[in-house]
Amino acid sequence: QKTMMPEHDVPSSSALVAGAAAPAMRAEAVESAGPGRPGEPFQAIFAAAMTRWLNVSELETLLRPETSPLSVSTEPPSTSPPSGTLILYDRVATRNYKEDGHPWIRKKNSTRVREDHVKLRVGGRYRIAGSYVHHSESSTMKR
């Protein structure tokens, strides 16, 4: 999950979940690339999300309210989503947004999922908080 910092007018309760643990949101988001905005810059970002982690500038583009093609979801996925899928959650309205049906590595002696947290920076400035979670059955699948 990656959360935009409030300085871009994105509520701090927003979470962009990328990778295997996000519900289906593919080409349909490219078609609605924002009011009066062509979908081309977003097509490249969505294609990149299928094969690698998005970089900070790509995440900022997706999270910018005036241009984002992503709609805010208030429900977790009903089925386990495929890798490379993106979704924007409101963490206040969707308390269980991490419950996506995939088996994630748990903390030792706990039922909680282990998360590795990072601070993503641009030009030395802290821009986006991120966390990475590893799949318990597939070494190549991450959220």
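Our numbering is plain: 1 for the first residue shown, then up by one each step along the chain.
Every residue, even glycine, has its Cβ placed from backbone N, Cα and C.
Over in TrEMBL, the protein carries these features:
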type: COMPBIAS; residues: 1-10; note: compositional bias 'Basic and acidic residues'
type: COMPBIAS; residues: 11-22; note: compositional bias 'Low complexity'
type: COMPBIAS; residues: 65-83; note: compositional bias 'Low complexity'
type: DOMAIN; residues: 42-143; note: domain 'CG-1'
type: REGION; residues: 1-22; note: region 'Disordered'
type: REGION; residues: 65-85; note: region 'Disordered'
DSSP helix/strand/coil residue counts for the compositional bias 'Low complexity' (65-83): 0 helix, 2 strand, 17 coil
Summary of DSSP states over the domain 'CG-1' (42-143), given as helix, strand and coil counts: 16 helix, 29 strand, 57 coil
